[in-house]
Amino acid sequence: MAVHKEVNFVAYLLIVLGLLVLVSAMEHVDAKACTLECGNLGFGICPRSEGSPENRICTNCCAGYKGCNYYSANGAFICEGESDPKKPKACPRNCDPHIAYSKCPRSEGKSLIYPTGCTTCCTGYKGCYYFGKNGKFVCEGESDEPKANMYPAM
């Protein structure tokens with residue numbers, strides 16, 4: 001009888017461990033299946049946090065990206081950007097001396113992606129805007145960005 005209980009316990013333990021391995025593997029699988037052909041994109045814009053109180057950026061509220069907030073060197077809120085990357089406003093190129101840095105919903109990675117390589121709308125990152133070689137807006141990316149250092153070195 002004791003052997004039967006030990007076998008049941010080991011079998012139960014193996015099932016639980018197997019389910020844990022399966023669930024952890026599923027977390028790393030991108031649910032979006034994209035085709036393998038390359039897109040014909042010219043460049044991409046990904047609004048990102050930029051600058052710091054010590055390393056100021058040169059922009060103004062008109063030219064700043066919608067969804068990004070702009071701050072002074074002492075951290076006071078100045079404005080939210082007014083320019084939509086899909087339809088940029090005609091804005092002056094002057095630097096607002098009050099703006100030191102920006103905070104955007106996404107802060108990792110490059111702001112300008114050029115060239116885009118083999119990126120398509122499907123493989124492009126959410127929150128990034130992709131344009132054709134003629135400069136016209138094509139699409140917003142559809143895939144989640146990979147988390148930085150997802151598999152750290154051991």
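From the backbone N, Cα and C atoms, a Cβ is placed for every residue, glycine too.
Here the candidates are Cys95, Cys104, Cys139, and Swiss-Prot names Cys139 as the disulfide partner of Cys121. Disulfide connectivity taken from Swiss-Prot links Cys128 to one of Cys38, Cys46, Cys58, namely Cys46. Of the listed residues Cys91, Cys95, Cys104, Cys118, Cys91 is the one Swiss-Prot pairs with Cys62, by disulfide bond. When Swiss-Prot is consulted, the disulfide partner of Cys118, picked from Cys34, Cys38, turns out to be Cys38. Here Cys34 is paired by Swiss-Prot through a disulfide bond, and of Cys104, Cys122 its partner is Cys122. Swiss-Prot names the disulfide partner of Cys79 among Cys58, Cys61, Cys95 as Cys61. Disulfide connectivity taken from Swiss-Prot links Cys58 to one of Cys68, Cys95, namely Cys95. For Cys104 (disulfide bond), the Cβ neighbour count at a 10 Å cut-off comes to 20, with all displayed protein chains included.
Between the alpha carbons (Cα) of Cys121 (disulfide bond) and Cys34 (disulfide bond) lies a span of roughly 9 Å. The average pLDDT computed for the repeat '1' (31-87) is 89. A gap of 27 Å separates the Cα atoms of Cys104 (disulfide bond) and Cys34 (disulfide bond).
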